Amino acid sequence: MLALRRFILNQRSLRSCTIPILVGALIIILVLFQLVTHRNDALIRSSNVNSTNKKTLKDADPKVLIEAFGSPEVDPVDTIPVSPLELVPFYDQSIDTKRSSSWLINKKGYYKHFNELSLTDRCKFYFRTLYTLDDEWTNSVKKLEYSINDNEGVDEGKDANGNPMDEKSERLYRRKYDMFQAFERIRAYDRCFMQANPVNIQEIFPKSDKMSKERVQSKLIKTLNATFPNYDPDNFKKYDQFEFEHKMFPFINNFTTETFHEMVPKITSPFGKVLEQGFLPKFDHKTGKVQEYFKYEYDPSKTFWANWRDMSAKVAGRGIVLSLGSNQFPLAVKFIASLRFEGNTLPIQVVYRGDELSQELVDKLIYAARSPDFKPVENNYDNSTNVPQEIWFLDVSNTIHPKWRGDFGSYKSKWLVVLLNLLQEFVFLDIDAISYEKIDNYFKTTEYQKTGTVFYRERALRENVNERCIARYETLLPRNLESKNFQNSLLIDPDHALNECDNTLTTEEYIFKAFFHHRRQHQLEAGLFAVDKSKHTIPLVLAAMIHLAKNTAHCTHGDKENFWLGFLAAGHTYALQGVYSGAIGDYVKKTDLNGKRQEAAVEICSGQIAHMSTDKKTLLWVNGGGTFCKHDNAAKDDWKKDGDFKKFKDQFKTFEEMEKYYYITPISSKYVILPDPKSDDWHRASAGACGGYIWCATHKTLLKPYSYNHRTTHGELITLDEEQRLHIDAVNTVWSHANKDNTRSFTEEEIKELENSRHEQS
């Protein structure tokens with residue numbers, strides 16, 4: 001028993017000694033950690049002081065110079081940083097120095113490279129340092145240039161304000177005002193504020209009392225001041241998040257949290273009621289009907305485009321968006337008639353600037369969309385309907401900065417539609433496009449389900465892009481510093497796309513190769529496409545900028561190529577359906593065969609661009625309307641023609657007969673020809689009918705050279721089935737007979753009656 005008591009007392013004594021020993025050991029470890037940390041920080045401070053006092057960029061590691069500026073050569077002009085990312089290699093080098101001299105076991109976790117920092121810290125540094133390097137930075141395409149080895153762009157050694165520049169000043173000017181810099185900034189904006197786990201924009205421009213707690217930012221600034229000591233890291237404090245938004249997107253009007261409602265589109269309802277400024281309709285996603293009206297409260301923790309995205313999602317899920325001007329009113333009436341006939345239930349938003357569409361025409365379009373008296377012409381289709389359309393008009397005049405309102409004319413008006421509509425997901429249609437497929441089905445395509453986009457192919461026309469334009473486009477793509485530090489990468493590997501066989505490439509890779517290597521334009525046909533705006537706002541912004549920039553505005557025809565180029569530049573996934581477009585109608589046999597080699601050929605000449613399903617069995621949609629010609633005065637002008645046109649004109653006994661053929665008779669839906677994209681099998685109709693807008697597609701069979709019976713077929717001749725043709729013909733008949741003269745404005749009594757009827761139905 002005595003022995004047991006001694007054992008217990010010894011154990012207690014041992015425990016009483018162990019606890020102080022453990023506590024003491026812990027204190028020693030903490031002290032050593034502080035000493036080591038202090039040693040490392042002191043070492044780097046000493047190194048920084050020495051570099052400031054004794055070293056210049058001439059002493060920098062060539063590898064760092066290459067990563068930052070693209071060259072190991074130290075040039076006073078070319079090594080002036082114009083992007084915050086050009087500073088990062090110097091910071092990373094200092095981290096390497098700390099790691100190599102550190103005694104810490106977890107030194108890699110303690111001393112982090114820039115790309116290992118939190119997204120918040122990287123974004124803070126990037127956007128604050130923009131102001132450190134140059135608080136006059138801009139994303140205005142009116143001031144930016146493409147930095148290629150070309151004299152075009154900088155006017156005889158003058159800057160955007162007309163001030164003369166010497167050679168070195170011009171070089172620096174080109175670097176500072178390079179379009180690439182704007183694209184890099186917007187991609188960083190996308191990464192920081194628009195994707196998963198976004199950064200709070202208010203943390204970029206915080207109140208001063210929060211600044212002292214930013215340990216990581218302090219380290220970044222101290223380290224970089226060693227190499228670049230003449231910059232003011234506090235420059236950004238002069239600005240706030242709203243001034244930042246305007247510098248990022250100059251075409252958007254100025255606003256604050258309190259004034260945001262003033263720039264919300266002015267909205268006209270399907271019954272002609274103009275909503276109070278700032279108020280928006282909220283649609284039921286299932287019924288497509290308006291549940292209530294609400295005023296969106298701007299969230300200052302988010303950016304402008306994040307707020308616009310969230311606001312759009314609260315208004316409506318899916319819908320149709322249109323670009324429309326007064327001169328397109330007759331086509332708009334036909335468009336609405338075809339949607340009524342096909343039973344569309346998706347809401348429609350017409351996005352326009354106030355002066356583009358008069359109130360009289362708005363009232364008439366509302367009549368065409370809602371009146372029970374606006375009926376489709378009689379036809380033989382058993383499943384016809386006449387569903388009133390939910391058409392809303394969004395005047396975005398106040399959303400656009402006054403200095404930019406005149407920059408969105410013609411094809412460029414489409415950018416306002418795709419950016420400023422109030423839908424989470426949308427299908428855009430040209431006003432002369434006709435979809436034979438239910439609009440909602442475009443959201444169900446394989447391409448859309450995979451990427452949140454579906455675009456369609458153009459005709460395979462043999463028309464090249466200017467080599468200078470290709471060089472400009474190439475400068476816009478993400479580079480290594482972005483890829484490393486913000487994970488903004490080019491989703492298509494250029495080497496793979498250019499070197500692999502065409503049949504092994506995806507549609508997107510094939511288009512990349514055709515455009516950038518073979519310089520072939522006409523890749524995308526933008527008459528109908530679908531985009532999930534909740535995922536893909538920024539690619540549309542970049543696409544608009546490419547089209548608005550003076551040196552790429554006319555590189556391709558209209559807006560179409562800019563869509564996929566915007567997605568490519570943004571590093572976002574996108575999808576084009578793989579089938580090239582074709583021509584629809586009756587075919588004629590060609591008689592001008594190429595000697596004995598071309599044994600057979602047929603062609604279809606039409607004013608429509610026809611788009612088939614992936615299996616090439618179903619006609620999805622056409623661009624160009626449902627009759628021979630969509631242009632109002634073309635028949636009168638063509639009737640006056642002689643020469644080559646006389647043979648075409650001789651088909652008709654009178655002008656009235658030709659006019660009916662042009663504007664009333666629906667196009668034939670018997671056949672579609674999809675020409676061989678590798679052959680030159682598209683040509684403009686020689687007669688020049690419909691103002692030269694008729695194109696011919698050829699399907700041919702050739703005898704192989706020096707062969708007796710080996711034949712090759714080029715292109716495809718598709719016969720549409722009878723059931724499909726009945727539907728297509730009925731839609732085209734309704735489209736062709738819908739007449740603007742059958743529209744008018746509702747009376748107040750009619751509007752009340754329609755609204756009451758609508759409430760009863762809901």
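A Cβ is built for glycine as well, from the same backbone N, Cα and C atoms used for every other residue.
Database features, via Swiss-Prot:
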TOPO_DOM  1-16  topological domain 'Cytoplasmic'
TRANSMEM  17-33  transmembrane segment
TOPO_DOM  34-762  topological domain 'Lumenal'
CARBOHYD  N50  N-linked glycosylation site
CARBOHYD  N225  N-linked glycosylation site
CARBOHYD  N254  N-linked glycosylation site
CARBOHYD  N383  N-linked glycosylation site
Taken over the topological domain 'Cytoplasmic' (1-16), the predicted model's pLDDT averages 48
If you count Cβ atoms within 10 Å of the Cβ of N254 (N-linked glycosylation site), leaving out that atom itself, what do you get? 14
Please determine which of the glycosylation sites listed here (N225, N383) has the lowest count of neighbouring CB atoms within 10 Å. N383
Students should find that the Cα atoms of N225 (N-linked glycosylation site) and N383 (N-linked glycosylation site) sit apart, in Å rounded to an integer, by 74
Which whole-number value in Å describes the distance between the Cα atoms of N254 (N-linked glycosylation site) and N383 (N-linked glycosylation site)? 50
